[in-house]
Amino acid sequence: MAEILLTSVINKSVEIAGNLLIQEGKRLYWLKEDIDWLQREMRHIRSYVDNAKAKEAGGDSRVKNLLKDIQELAGDVEDLLDDFLPKIQQSNKFNYCLKRSSFADEFAMEIEKIKRRVVDIDRIRKTYNIIDTDNNNDDCVLLDRRRLFLHADETEIIGLDDDFNMLQAKLLNQDLHYGVVSIVGMPGLGKTTLAKKLYRLIRDQFECSGLVYVSQQPRASEILLDIAKQIGLTEQKMKENLEDNLRSLLKIKRYVFLLDDVWDVEIWDDLKLVLPECDSKVGSRIIITSRNSNVGRYIGGESSLHALQPLESEKSFELFTKKIFNFDDNNSWANASPDLVNIGRNIVGRCGGIPLAIVVTAGMLRARERTEHAWNRVLESMGHKVQDGCAKVLALSYNDLPIASRPCFLYFGLYPEDHEIRAFDLINMWIAEKFIVVNSGNRREAEDLAEDVLNDLVSRNLIQLAKRTYNGRISSCRIHDLLHSLCVDLAKESNFFHTAHDAFGDPGNVARLRRITFYSDNVMIEFFRSNPKLEKLRVLFCFAKDPSIFSHMAYFDFKLLHTLVVVMSQSFQAYVTIPSKFGNMTCLRYLRLEGNICGKLPNSIVKLTRLETIDIDRRSLIQPPSGVWESKHLRHLCYRDYGQACNSCFSISSFYPNIYSLHPNNLQTLMWIPDKFFEPRLLHRLINLRKLGILGVSNSTVKMLSIFSPVLKALEVLKLSFSSDPSEQIKLSSYPHIAKLHLNVNRTMALNSQSFPPNLIKLTLANFTVDRYILAVLKTFPKLRKLKMFICKYNEEKMALSGEANGYSFPQLEVLHIHSPNGLSEVTCTDDVSMPKLKKLLLTGFHCGISLSERLKKLSK
C-alpha cells in the first residue's frame, strides 16, 4: 500500500539526512537539501492517500491509476535511497573527489525525475479534488449495516453458553467494580451477539435501558441523543439542554446500557461526564464490546474484562449446522452422505473457530447445491473468496491502525499459519525495515517503541499472546488464521510481500517483488532455478527442510536485501555452505539462522556497514566470521546457547578479539562471549547493553562486575558460566535493572544476599551446590517469580521450603523448577503461609524417588 511505502521513505530520509548532517557537515549540504525535499513531499503525498483510497472505495475509479502512480513513485524513491546510502558511504571511505562528483550528478538527475513525477501527481490530485480528509464511504455503509444488526432480533449463540452464564453472574453481582462488563476479543468472535442476548435478558430488571453502536468515528452528541430517545426523554428536554437533562434523569434511575464496538477511550471520556457512576447504590450497569482490551480496561478496570476465544471444533460444527439448515431441526445431516459431512467438517476447520467466518461460509453454501462436488470447490478456494465477507469487518481493524503500525501487522503474514513468533524477531525486523524510527528528542530506544506497537496489536486483539517473559513482557505471539489470510491478501494487493504460491508469473511482476516468503522446499527451489530478477527484493523468508537452499542463494546478489530469515526444520544435523555472496548484501540489517544446521558465516559479513542484528538459533552450530566489524549500527549479536557448542565444534579465537571493533553505544545484546577474549575494561564502554552472557568467567571479570557503582547500568539479563570455582565473591546488589540471572558454576560458590540483584524476577542455578544457607537467602527475595535449579547438588536430602518463625518464604514465587537433582530425596512445604503464590512445581530430568508434601503434590501434576 502506498502509505506504507511512503512511511518507509520518510523514515529512511530522516535517517539519511541526520547522518549527513552529523558526518559530513557542510560538504554535502546540497544532498541534505534534496533529502529534506524528498521527506517533505512524501509527507505531503501521504496526507491525501487515505482520501484517495476512500474515493476509490466509494466508486470513483479515476483515482485508481493515481494510487498506482503514487505507489510506484514511493517504491522508486525507496530504491533510490537504498542505492544511494552505500554509494555515499563508499565515496566517503575512499574520499575520491571524482567519484563523489560523478555520484552527485547521478543523484541530482534522479531527483529531477522524481520532481517531475511529483508535479504530475499533484496536478492529478487537484483535478480529482483529493484533499487531506477521511471520508470512507464504504466504511459508512458497513457501519449502517452494523447498526441494523445491532437492533435485529438475533440472539442465538452457539458455543458461548459458558461465557454467557459467567457474564450474567458478573453483571448481576452487586459488588461489580465500576458496574461495567467489558466483552473483548478479535473481530468475528460474536461479542455483539453475546452482548445483545445478555442485554435483552436483564434489561427488564432495570428502570431504563438502551443499546447504541459507538462506531470507529463516534460523536458523543449523537450517542447521547440516541440514549435519550431510548429511555424516553421528552423532545423538549432533548432540544433545550440534552446533557444536563439526561444526567438528571439517569441519577434517579437504575439503568443498563450496551455500548457496542467501542474503539478508543476518548469517546468514553466524553460520555462519562453525562452518565452517572454505575457503582453507586442505584446499581446501574454498562456492557461494552471492544476489539481493544485496553478500552475495556480503561472503562471498567481489569476485573471487568471478559475475553472471548475461538470456538472448539464441535461447537463450530454445531453453529455451521444451524446456519446451513436455517435452524430447522427437521432438516439435518440425516439425509447427507458421510463424504459431504466430512467435507463440511473440513470447511468448518478452515474457519478457525471464528463464528463470523462460519456464518459467512454457511451462507454461501446455502446458495449452492448440497453436493460433494460443489462443496469441494468451496473447500479448495478457502482462504480467498470464502473470507471476503469477513474481510470487510476485519479490514476495519486494520484501517484503524496508525499508518506506522500497518506494515508491522502485515509482517505476521510472512510466517506460516499458526506459527509461534518471537517478539524479539518481530521487533528487530521492524527496526531493520525502518518501520520504527526514533525521532530527535525521544530518549527511548527503538526496541521500546517497537514493543509498544506489538503491545498495541495484542491489545486490539489482532494478535494472540502465546507466552510472556519472566517480567511480564510479550515473549511470543501468534496470528489467527483468518487474520493471517487478511495479511496475505492485503500484502499481495499492495505488493508489500508475496508468498511462494503467487511469486511466479510475469517476469516484470517478479522483478518488482520487495518481500517474499517460502513455506515449501519444492516451490522455493523451483523459483530460484527459474533465475528470477530480484533487484528490488528487501526481505527473504525461507522455511525449509532441504539444506541445498543455501547453494541456490549463491547465484543471487540481493543487493537491496534488508532482512534474511532461514528456518530449517529437518530433524538431522546438516552441514551447509553459506554463500560468500552474503557479504555483498550491502543493505543487510537483520540475519537470522535457525535449525539443525552446521557451517560458517563468511568473513565478508563483517564488512556490512548497516548490519544491526545477527541471531543464531541455539540448535545452529554456525561459526562466526573473523575480521574487523565495520558496522557502527550492530545492536544484537546473539549466539544463543552457543557456548556449549562452540567449545566442541569450532575455534572462535579469530572472532572474539575483534569484538572491540563494535560500536559500544549501540550494542544491546552480546550472547555468548568467552571471557578469555574479553577484557573487563570493555564493560565500561557498553553503556546501553541490556543482555550479556559470558563463558568461563574469570576472577577479574567478577571483580569488575562487583564494584560498588555498576559498570552496566542498563543491564537487564546476565548469564555467567564459570569453568572453575571463583575465588572472588560476586556482588550484584548494585544492579537494580537485572531481572533475569543465570549462574552456571562448578559446584561451589560463596553467595549471600549481596550476590544477587535486588529486583530479581527469574533465577537459574546450574551445576550448583545448594545448602540450607543459600536456600535461606533465596527465600527472602521479594520479587522472585521463577526459580530453576538445574543439575544441582544438594548437601541435605530434605529441602524445606517453609519459612522460619515469621513464615517469610518466597513471597512472590510462582514457578519452582527442579531438574535432575543430585542427593535430594524430599521436598516439603508444611504450611500455607509460605510461597503463597506458587502455581507450579516442575520436576524434570532424572528425579526418581523424590517425595513431596501434600500441597506440593497437587502443584506438580
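Every residue gets a Cβ built from N, Cα and C, even glycine.
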- Message: If you look at how Swiss-Prot annotates this chain, which of 63-83, 315-335, 714-734 comes out as coiled coil?
- Response: 63-83
- CB contacts under 8 angstroms to LEU189 (ATP binding site), restricted to the same chain and 6+ apart in sequence, sorted by sequence, are LEU308, GLN309, PRO310, ILE354, PRO355, LEU356
- Averaged over the repeat 'LRR 10' (712-735), what pLDDT does the prediction give? 88
- Query: Counting only residues 6+ apart in the same chain, whose Cβ is under 8 Å from the Cβ of GLY185 (ATP binding site)?
  - Reply: LYS191, ARG291, ALA307, LEU308, GLN309, ASN461
- Item | Additional residues around ATP, ordered along the sequence, whose Cβ is within 8 Å of the centroid of GLY185, MET186, PRO187, GLY188, LEU189, GLY190, LYS191, THR192 | THR289, ARG291, LEU308, ILE354, PRO355, LEU356, ASN461
- Other CB atoms within 10 A, centred on LYS191 (ATP binding site): 27
- Do any residues at least six apart in sequence from GLY190 (ATP binding site), in the same chain, have a Cβ closer than 8 Å to its Cβ, and if so which, in order? ILE157, LEU160, LEU308, PRO355, LEU356
- Cβ neighbour count (10 Å, all chains) around PRO187 (ATP binding site) is 24
